[in-house]
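Visitor: So that we are looking at the same thing, I have put the structure below in structure tokens.
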Amino acid sequence: MGSESWTTFVVLQTPRLMPYLGGTLTMAIRRGNIPGLKDFLLQIHPDLNYNNSHGNSIVNQFWEHTFHCRFAPPPAGWVEAGGALCTGQEDLKSVETEFFDISDLRPEYNVHKAVYALAYALDDMLQCEPGRGPFSGNSCASFQSLEPWQPPRSVCSESCPPGTRMARKKGQPECCFDCIPCSEGKISNKTDSMECTSCPEDFWSSPQRDHCVPKTTEFLSYHDPLGIFLTATSLLGTVVCAIVLGIFIYHRSTPIGQFHLNGMHKAGDVILGGLFDIHFFSTHPDLSFTSEPRQPTCHGFDVVGCRLALTMAFTIDEINRNSNLIPNVTLGYSLYDNCNKLGVAFRSGLSLLSGQEEQVILHETCIGTPPVLGIVGDSSSTRSIAISTVLGLYRVPLVSYFATCSCLSDRQRFPSFFRTIPSDAFQVRAMIQILKHFGWTWAGLLICDDDYGLNAARSFQSDLGPSGGGCLAYTEILPWGNDPSELKRIVDVMKKSTARVVIVLAYESHMINLMEEVARQNLTGLQWMASEGWTSAATLQTPRLMPYLGGTLGIAIRRGEIPGLKDFLLQIRPDLHHNNSYGNNMVNQFWEYIFQCRFAPPPAGWVEAGGALCTGQEDIENVVTEFLDILNLRAEYNVYKAVYALAYALDDMLRCEPGRGPFSGHSCGNLQRLEPWQFVYYLEKVNFTTSSGDQVSFDENGDVLPIYDIMNWQWLPDGRTKLQTVGEVKKSAFKGEELTLDEDKIFWNFESKQPPRSVCSESCPPGTRIARKKGEPKCCFDCIPCSEGKISNKTDSMECSSCPEDFWSSPQRDHCVPKTTEFLSYHEPLGIFLTATSLVGTFVCAIVVGIYIYHRSTPIVRANNSELSFQLLLSLKLCFLCSLLFIGRPTVWTCQLRHAAFGISFVLCVSCILVKTMVVLAVFKASKPGGETTLKWFGVLQQRGTVLVLTSIQATICTAWLLSSSPTPHKNLQYHIDKIIYECVVGSTVGFAVLLGYIGLLAILSFLLAFLARNLPDNFNEAKLITFSMLIFCTVWVAFVPAYISSPGKYADAVEVFAILASSFGLLVALFGPKCYIILLRPERNTKKAIMGRGIKS
């Protein structure tokens, strides 16, 4: 990316550099066009009269540069060198130069604008009118009295005139603004207005927007052409309506004024309506207006639909026989055939609502079907949406037994809609529960391309993660027709996916086309899950498809028992008196379909073609038909519950006590003055239990407490198929959604006969955490072991939690265990060794004391100051024993005592050595002439006092240390994160340093005194032994300091114990070893003569 300073450099745009600079993005000065510039450049010529004038020589210099010549007089030697003279007549057009390249004018364009800016400023100044100028006294500038600071106008933006307002330019000073014209209806009547003000209600802005003017009035007048035309058209339409009304009144008994509906009716005090699919298809009449339109006809009789309608008739009959339910009120019904068409269903719904159909005579004195109290239907969500939209305006309840669209739960749009079948939203949740039960977190979803499939897909995508912790591997839309290429693509997606569970929310027709492609590609090893749309599809349960679909788990409408229904179906008989009545011919059409006959009068040519006539006495038990198959009543059971819901609501309303009702003034609803919304109120409160034990009640959206059966497609060994109920999923008011499965009954179409695994990633065991894979669904992840000190104690943990301070993670990282504790223990080899060494040293000291006591009268004991020797042995014993305080778990008293005991014991020891050394020097000094008085300063009392004073100083140091900042036990978690190291912190480093420094001071002093006495006679003094012992002592403690500082935990205590023992043994061996050797092994040297050097010579 380049700046404008080198954007247009031609020298960089070469074949050598373009491999590097090609594609460069740069900033450039704005390019502009300057018309006439090239012609102007071609017309320039040098001024021969001013060639030597430096003030006007630019063109001449350009000319000499361009033509490589010189004007006369030329420079000296120019002509002699062969240079040409310029004539001024040379042709610029014949020279190739960039001078004439005006295709990329950038700085030139800026020069052009700069000159024009000056010119316009000058023009504005000259246009100034005297007395209206911008300067003092409203004066104008002139050439005669012009000051450079007097430009005519020096503003960023011109003032905004009336009719405009100021609009600040963002990011610029407030003097820089645009003038925006006021919008219509607003004005500004002064210069530089910040806002435009609205005109009053009856006024409008002038064209200049600088004042308000009265609005013009306008209305549709009888005097303008449009008003005249519309008036005439209105009167003409009124006349036509009057004529049509007269025609309809005159011909009111003809068929064209009515429409026919197949139905079945029964009189009663209260009428319930019903809409059912009695026929599969309908034929629409010709509406070309060239002939009289015929009524729509329905064909393709649906036996199951007829059984649904008769189930409603049976239920009403059963309720009428029940004296405990709505006593003294008889229910009737009006059931219509919707012919599986929206238009017919809508007509039927309006007929039930208005009671305008005239074919059915219910009573002798009453003609016409009375309005219904409620309607059971429709089976289709689309038809239910259309009908309920109208019924909802009047709050007439519509109770559907088969419409599942979750959109119907919208109480704002459908305030009087109820249903006894669960919505699709619950079906999705039921499937999610099954996925969760078997641990299937990775599934594919196939849907149909309509509201049913698309809404279900949205529900799956929103609910699957939060409810079941699962993900969709893919979502594919199944084509409506047989599209081989699209089906092949979908099956390829299924084959490549690792998901072994496939959920299909579609219809039977979709599955037939899909399974053809699945069978062609021989795609096995999948676990299918079916929606209620194809769970019971017998066309798919074939030997050819069961190798793929065997073991399918499906959602099915709840099956129920309806006692007495079969007997009722066997008792139905056709009505021979109303065969041709469209309003009550449903049973007759069923009879004709079942027995393949026709009632009299038969259609033309029926008898001639060999067709039979129906008598009405045919035996229905002799016909093999699914009409009497009541082993799998599902939709019928929903109809049964819907009718009972209406009946219970009516019963609750009739039991209302006046004065205690739920409506205004505590009134009750009654059949004489019943408002539909009052009946809806009671229907919302319905709560009863069917004879099968199923609870029926509606929630705030009109949905029934949902329940589904879970079906399993079983492939029996003999090749037969069986649709087995293996569980249920339901929602209760108290327990919420419950899934019940009998896994022993489920047939799995796999070699293992066990449910498959369908996961993107296996669950992360305890001790690991989930790490999402970027760009993949949340079910796809890696399992990362927890780091040290952290655990996860459940499966699929998102994070590892840290253990408490005194705990550490187990090797499996699945629980916390107490951290191992570390201190110098009596039970470990190092502790045992140091303890044993300490006790050995103590025991050796005791033996030496015993030897000294036993041989206390011998010269060698007496000659070496026996009292100081015993004090020295006592202090050494204390030194050995104080090391035991450093072993074992630190406590408050051991931490405080160990250093105090150590310091005092060693000071006592070194003090004895120091005093002994001083006594030796004093004795030898006294043996010399004039030194007799020296010994009186080193008597027994002085020796004891010196040792006591030196030891008391150390005791004082220890006391001050313990009182100010005493050592305390401490759990050290810094050396090892997985261990707790128990140690004693010294509290005050200064106190510990003073303690050691005092010991060191006495030791150095003893060493120096002993070193000075090293040349005394060997047989008498022990100065050399003291020197050697002090050398050992100092060496040990000098080495101790860096070793102690660098040793962690228990090893610091071990180093200190080692230093104590090493220095103690050094003193013990160096000072008492030679003497014990003489006492025990060389008694001949333990004589006064030997000691004095006059006996045995070594």
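Every residue gets a Cβ built from N, Cα and C, even glycine.
Because TrEMBL annotations are produced automatically, they should be read as predictions rather than curated entries.
Since the structure is predicted, the reported quantities are computational estimates derived from the model, not experimental observations.
Straight out of TrEMBL:
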| type | residues | note |
| --- | --- | --- |
| DOMAIN | 830-1095 | domain 'G-protein coupled receptors family 3 profile' |
| TRANSMEM | 226-250 | transmembrane segment |
| TRANSMEM | 830-854 | transmembrane segment |
| TRANSMEM | 866-888 | transmembrane segment |
| TRANSMEM | 900-924 | transmembrane segment |
| TRANSMEM | 945-963 | transmembrane segment |
| TRANSMEM | 992-1013 | transmembrane segment |
| TRANSMEM | 1025-1045 | transmembrane segment |
| TRANSMEM | 1057-1080 | transmembrane segment |
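Any idea what these are sitting next to in the structure?
Guide: Remote same-chain residues near the transmembrane segment (1057-1080) are listed as 824, 834, 837-838, 841, 844-845, 848, 851, 855, 858, 860-861, 864, 869, 872-873, 876, 879-880, 882-883, 886-887, 902, 906, 909, 913, 1022, 1025-1026, 1028-1029, 1032-1033, 1036-1037, 1039-1040, 1043-1044, 1086 (criterion: CB distance under 8 Å, separation of at least six residues from the stretch ends).
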Visitor: Where among 866-888, 900-924, 945-963 do we find the most Cβ pairs under 8 Å to the transmembrane segment (1025-1045)?
Guide: 900-924
Visitor: Hey, which bits of the same chain come close to the transmembrane segment (900-924), Cβ under 8 Å, at least six residues off its ends?
Guide: 864-865, 868-869, 871-872, 874-876, 878-879, 882-883, 885, 934-935, 937-938, 943, 946-947, 950-951, 953-955, 957-958, 961-962, 995-996, 998-999, 1002-1003, 1005-1006, 1009-1010, 1012-1013, 1016, 1021-1023, 1026, 1029-1030, 1033, 1056, 1060, 1063-1064, 1067, 1071
Visitor: Which sequence positions outside the transmembrane segment (866-888), separated from its termini by at least 6 residues, show Cβ-Cβ distances below 8 Å to it?
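Guide: Hits for the transmembrane segment (866-888): 823-826, 831, 834-835, 838-839, 841-842, 845-846, 848-849, 852, 856, 894, 897-898, 901-902, 904-906, 908-909, 912-913, 915-916, 919, 940, 943-944, 947, 1053, 1056-1057, 1060-1061, 1063-1064, 1067-1068, 1071-1072.
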Visitor: Calculate the per-residue pLDDT averaged over the domain 'G-protein coupled receptors family 3 profile' (830-1095) and state the result as an integer.
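Guide: That stretch averages a pLDDT of 80.
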